[in-house]
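The structure appears right after this line, and notes come after that.
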Amino acid sequence: MFKFALALTLCLAGASLSLAQHNPQWWGSRNTIVHLFEWKWSDIAEECETFLAPRGFAGVQVSPVNENIISAGRPWWERYQPISYKLTTRSGNEEEFADMVRRCNDVGIRIYVDVLLNHMSGDFDGVAVGTAGTEAEPSKKSFPGVPYTAQDFHPSCEITDWNNRFQVQECELVGLKDLNQHSDYVRSKLIEFLDHLIELGVAGFRVDAAKHMAAEDLEYIYGSLSNLNIEHGFPHNARPFIFQEVIDHGHETVSRDEYNELGAVTEFRFSEEIGKAFRGNNALKWLQSWGSDWGFLNSEQALTFVDNHDNQRDHGSVLNYKSPKQYKMATAFHLAYPYGISRVMSSFAFDDHDTPPPQDAQENIISPEFDEDGACVNGWICEHRWRQIYAMVGFKNAVRDTELSGWWDNGDNQISFCRGNNGFLAVNNNLYDLSQELNTCLPAGEYCDVISGSLIDGACTGKSVTVNEHGYGYIHIGSDEFDGVLALHVNAKL
């Protein structure tokens, strides 16, 4: 009987931890993460204070924080080739990172770190030098900055069969030296690294290449982590939020379902399908059942996004900033529809897969600069600063915890729906105008369309819609309009 009770206690404790690891630890009604890809820590701190907090963002995913190899030309992917766990990168040093985390937490913005637990750097010709000056010999699996030696890695082999579990989880992903997470020593170094970040005040982690690690090893590592630091405003016994990169198209041996109880999982099918729909390859009317009915994960397990730093560089259905009208429509739908844990992308301009972030002649990352409207101008795209996107972050806050209702469509690519009595969204992806009296579900009054303008000092700088006592309003979205979407909510009532 004692053994059964002990087993039950351990099982319940494990379930409790895994549920806690799905909690992003947001402040108030905030509920959108932005990925400030390759930004410097000092710039993120200022962005938290001056832009993200005032506009209701909930958190920031930051690029990898630990020392990485220096690659010729400084491509973005060098950040994903670690050689030690020292907190020095082109984004800044440990002091600057800690200052950023503190300042962002102070204004209610949580920090989630992209962490590399699967591997160290790939082969390098001779001795490699990292961003903190550490030397390593990746070809010999020698990383004295940790330290790791060859015995801490799986034997070298190549992934040639993605349906072979051994290859996927113990061979080298694109030549990156594959750590043995089943080793007590390797586990201890990874836990030490993550716990240090927790001590500095981070709220959680995006786990890169999670499918290339056995779920039972990750379960042990996650379960061994410290609780979040209460000195940064987290409640007692709060667990780090975990979201794991698992690319699962539904036909491979290693499945997302092995990981979704450990934490949230990046729902790549969401990204692919929303791209198909707003590129016109699937009618928007079918989006009424968007979510788990499409074969996606359950809402509380899914980290959702239109694009990410990887797939925005690939060809195919995924939308990115280079198709701005469709991208803004897709993002508006993403943030308005009640499904998933939402993350928006903030990119830099790229011409090819390897384009580095904006940098000076000495290869130092440069700070974003802004025009009079607050848009970025010097190689940074900053989608999160587009009015049509940050306004939808405010919309999502206004409609939090409300249900989808009042769905309407024209049988094709014009749709609208309500979020309770708090918000209304309409989209026109047809080649003709949407002009229709529609149920907005909102209380009677005049509302500012937060896509075409902003509510400033009681006046709307864009379109406005008058809602009658029955909740109906006249909605017009011309086929030639730049945005193709209209959004109203109770916090934008004139």
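Keep in mind that glycine also has a Cβ here, set from the backbone N, Cα and C atoms.
Taken from Swiss-Prot as is:
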| type | residues | note |
| --- | --- | --- |
| ACT_SITE | ASP208 | active site, nucleophile |
| ACT_SITE | GLU245 | active site, proton donor |
| BINDING | ASN118, GLN169, ASP178, HIS212 | Ca(2+) binding site |
| DISULFID | CYS48-CYS104 | disulfide bond |
| DISULFID | CYS157-CYS171 | disulfide bond |
| DISULFID | CYS376-CYS382 | disulfide bond |
| DISULFID | CYS418-CYS441 | disulfide bond |
| DISULFID | CYS448-CYS460 | disulfide bond |
| MOD_RES | GLN21 | pyrrolidone carboxylic acid |
| SIGNAL | 1-20 | signal peptide |
| SITE | ASP310 | site 'Transition state stabilizer' |
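Here the features listed in Swiss-Prot are placed on the structure.
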| residue | record | Cβ neighbours (10 Å) |
| --- | --- | --- |
| CYS104 | disulfide bond | 29 |
| ASN118 | Ca(2+) binding site | 25 |
| CYS157 | disulfide bond | 12 |
| GLN169 | Ca(2+) binding site | 21 |
| CYS171 | disulfide bond | 19 |
| ASP178 | Ca(2+) binding site | 24 |
| HIS212 | Ca(2+) binding site | 24 |
| ASP310 | site 'Transition state stabilizer' | 17 |
| CYS441 | disulfide bond | 21 |
| CYS448 | disulfide bond | 26 |
From recorded positions CYS48, GLU245, ASP310, the one whose Cα lies nearest CYS382 (disulfide bond): CYS48
Work out how many Å separate CYS171 (disulfide bond) and CYS418 (disulfide bond) at their Cα atoms, rounded off. 48
Reported as an integer number of Å, what is the Cα distance between CYS460 (disulfide bond) and ASP208 (active site, nucleophile)? 43
Which residues does CYS48 (disulfide bond) neighbour through Cβ under 8 Å, counting only same-chain ones at least six apart? VAL60, MET100, ARG103, CYS104, VAL107, ILE109
For HIS212 (Ca(2+) binding site), the closest of the recorded positions by C-alpha position, picking from ASP310, CYS376, CYS441, CYS448, is ASP310
Give me the Cα-Cα distance between GLU245 (active site, proton donor) and CYS376 (disulfide bond), rounded to a whole Å. 28
Rounding to whole Å, the Cα atoms of CYS157 (disulfide bond) and ASP178 (Ca(2+) binding site) are apart by 9
For Ca(2+), residues beyond ASN118, GLN169, ASP178, HIS212 with C-beta within 8 angstroms of the site's Cβ centre include exactly HIS119, HIS154, VAL168, GLU170, CYS171, GLU172, LEU173, LEU179, GLN181, ALA209, MET213
Distant-in-sequence Cβ neighbours of ASP208 (active site, nucleophile), under 8 Å, six or more positions away: PRO64, TYR80, ASP114, VAL115, LEU116, LEU117, ASN118, GLU245
